[in-house]
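Listed in Swiss-Prot:
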type: ACT_SITE; residues: D77; note: active site, proton acceptor
type: SITE; residues: R19; note: site 'Important for substrate specificity'
type: SITE; residues: T78; note: site 'Important for substrate specificity'
type: SITE; residues: Q160; note: site 'Important for substrate specificity'
Amino acid sequence: MLQELLKNHEIILASGSPRRQKFFQDLEIPVKIDVRPVDEVFSEHLKKEEITDFLSVLKSEVFLNDLKENQILITSDTIVYNEAKALGKPKDHAEAVKMISSLSGKNHEVITSVCFTSKNYQKVLNHSTRVYFSELTEKEIEYYVTNFKPFDKAGGYAIQEWIGLIGIKKIEGSYFNVVGLPTHEVYKTLKEMLNS
């Protein structure tokens, strides 16, 4: 069991996302939360998982000098990839409405990369889930953005909220990845790292 392997290690989760924090709680993996500011800028030539891989590694760099032997740092990044464009978190109401409108009646990819960093080791994994949205009315989109304020969510929506319940007809891949973390992959990778 992973819990036994973790006895002599400390997991640092560099994420302010309450959803990611809850996943670790549900996985029964104790974590120390440490969020440090990073300027999330990436080159325009990067596509899909190249973007999230790059950003998840970038987020780890501010910790490199501080990591102790028994610590494992976990950093991650999620984007919604639609029509060859990466959608991050919307800046405001208008941008959230625009993002969701662009997803309405179509399918898109939600891509998450997770970077595991220890004193002498780094591994990056990524996972993609395809999400299919029904046609949404302008009123539905306005209602969602006004009442749920999805400004901390890639693509301007959360699958587990009202908009997901009424608008998502199917997904291909991990549901938990769309919420913010491919939990099965994280568990497996931590087990491999601690067993090696």
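Just so it is clear, glycine is given a Cβ too, placed from its N, Cα and C backbone atoms.
Rounded to the nearest whole angstrom, the C-alpha distance between T78 (site 'Important for substrate specificity') and R19 (site 'Important for substrate specificity') is 12. Comparing the recorded sites T78, Q160 by how many other C-beta atoms lie within 10 angstroms of each C-beta, the top residue is T78. In this structure, R19 (site 'Important for substrate specificity') is part of a helix by DSSP. Recorded residues Q160 (site 'Important for substrate specificity') and D77 (active site, proton acceptor) have their alpha carbons 18 Å apart, per Cα-Cα distance.
Here the recorded positions are R19, D77, and the one ringed by the most other CB atoms within 10 angstroms is D77. The secondary structure of the residue listed as 'active site, proton acceptor', as reduced to three states from DSSP, is extended strand.
In this structure, Q160 (site 'Important for substrate specificity') belongs to neither helix nor strand by DSSP; it is coil. Taking only the Cα positions, the spacing between D77 (active site, proton acceptor) and R19 (site 'Important for substrate specificity') is 13 angstrom.
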